[in-house]
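Here is the structure we will look at.
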């Protein structure tokens, strides 16, 4: 946090770790004095009121998103198959394991079915608990079975209400983080209000309920709140131990519930590393956070049957490298400016080189290739050469993995959030730069050496008045928001990690005594009373503006009633359940097959959980049904995966959602070395295919196709063909 005070003995935040905060009464020797009785009573009253407001806002947010979900789908009135279809793409896949556990004869049998699963990928037996982050579905299904609620609550409602309940925890965690940073619960109230009024950009839980991030982000917010408290000065040993335990539990639950945990925590580790190098955080606490990240991830690795993708994560390699390099470079933060800069550069290079070496060694030992598609995607995304890799292009062409749209900022600005955020970000960045340079021993004593007498005394008084400091918790919040902001700008899907913390960061800056004190002193307008008036009046005015502008819209939104309507998919699912054997194997698009598994329980050839190299290769082969391939080739591919039925979708075969070059059929053509359909340029080495597009030609019922495929179902959207079983 920024403030103005006399520069004390020592440097940076390392020294500040032994100093009381400005709000605390202290003796000259640094001992903390007890608060006066009146102040203590007021503090208890404030904490009580603030806590009640936090819990109330969390519960209201939970009810709000649950109501939106009900109003959008009329969830309470639609049939079970329609409810399940509403869990689109990978959401349906995850929910299917919850349903599978609920319907199992016993908990043991349900767990056995997950560990030895042969219905998610045909002709293969896989361990779902090892491959996917579905422990939350397992826990919830066991809880539903043992609690006496079956007569009162359907399994699907127990599931979705749990997710909506986690939103309450999410909002409370954001509220508490902002409160801890600013020292007033008014800041938490503002953060929660911004989160709700910017719902379109802060969460998507109401229409993607089972998505992994909706499970994980509340725990991530709790972890950030705990870290914020941990970085406060003058914690008692018992408080510090309890806080570390809270950080560990939140980190563990976050890691357990989302497959992208390692990448998010790598960014968090980078923030800690940068701040530690610049002496903005206490090294001992940063070390504990590195260890907690490693131990939490390794515990998840054990629970996921030693998932190799976790062992080969960059996070573990990076954190281990930092800890090893610290042992090698023991006196990193000692010496003059040239010496410290040299040590710092060497430290960064050592960490990076050691990280790459350790990671490469682990992947070589484990023969790990599960995450290679992510690095191919990143390489192509940031312009390190074009690629014809099908998996990388599949990500590149999805809007969710593109740059953050500019209209996001106009929406965030309409609530004043982005304007306040930009102002606070600029102010704290300047403060961080000043403190970082001072910590690297760019010392004002050089200036004093050329000045003597009364002039030197006057200059020292000026320096005392305008010395800038940055509290460790504020420094971490700054680094966190900058790095996750960069991630959100580059990948739209990750904006929810940034925008929620943006609410915290902006509200904290607007309600911070130190921020307003610094601004007013720079303008030569500072008085204690004026600072307090502005600190409370500006946030209250902002809250009133948000309430008057957005309350009518929220009420209109809550009164708007819609209904789920997807008759073609419902008809398809009902037909599959009624007209195909339970052992039938279905091929098709990843998104549709997740719904087929959930609604019908049939075996799949592929699915949307893409973090496996064999599955990615399998999916590319299955998708040849939309490429220019001969009927014999397609039949051979499908039968190699045990396919009995293949589902073709007109929305993919004749796709118009993406432009030329990003349609699925274009990606397949380029990967196969064929010229794309339609007007436009093609790369010179692409050749015309010898065969027409399979999904179009099969509908003509030519003998070369009917020999292998027989149409058994058709509606306006889907065409289902049964594969002949040749001897």
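Heads up, the Cβ atoms here are built off N, Cα and C, so glycines get one too.
Here is what TrEMBL says about this protein:
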type	residues	note
COMPBIAS	1-10	compositional bias 'Basic residues'
COMPBIAS	15-26	compositional bias 'Acidic residues'
REGION	1-32	region 'Disordered'
TRANSMEM	41-66	transmembrane segment
TRANSMEM	156-174	transmembrane segment
TRANSMEM	179-197	transmembrane segment
TRANSMEM	217-235	transmembrane segment
TRANSMEM	242-258	transmembrane segment
TRANSMEM	288-306	transmembrane segment
TRANSMEM	312-329	transmembrane segment
TRANSMEM	341-362	transmembrane segment
TRANSMEM	416-437	transmembrane segment
TRANSMEM	498-520	transmembrane segment
TRANSMEM	532-551	transmembrane segment
Chain residues in Cβ proximity to the transmembrane segment (242-258) (below 8 Å; excluding those fewer than six residues from its ends, i.e. six or more beyond): 133, 135-136, 212-213, 215-216, 219-220, 222-223, 226-227, 229-230, 235, 264-265, 288-289, 292-293, 295-297, 299-300, 303
Recorded stretches the transmembrane segment (156-174) and the transmembrane segment (416-437) touching, at least 3 CB pairs under 8 Å: no
For the transmembrane segment (498-520): best-contacting stretch of 41-66, 179-197, 217-235, 312-329, 416-437, by Cβ pairs under 8 Å: 179-197
Tertiary contacts of the transmembrane segment (179-197), as residues 6+ beyond its ends and Cβ separation under 8 Å: 1, 23, 46-47, 49-50, 53-54, 57-58, 61, 64, 171, 203, 225, 228-229, 232, 415, 417, 473-474, 477, 500, 502-504, 506-508, 510-513, 535-536, 539-540, 542-543, 546-547, 550, 554
Within-chain partners of the transmembrane segment (288-306) [C-beta distance under 8 Å, separation at least 6 from its ends]: 127, 129-130, 133, 135, 227, 230, 244, 247-248, 251-252, 254-256, 261-262, 265, 268-269, 272, 313, 315-316, 319-320, 322-323
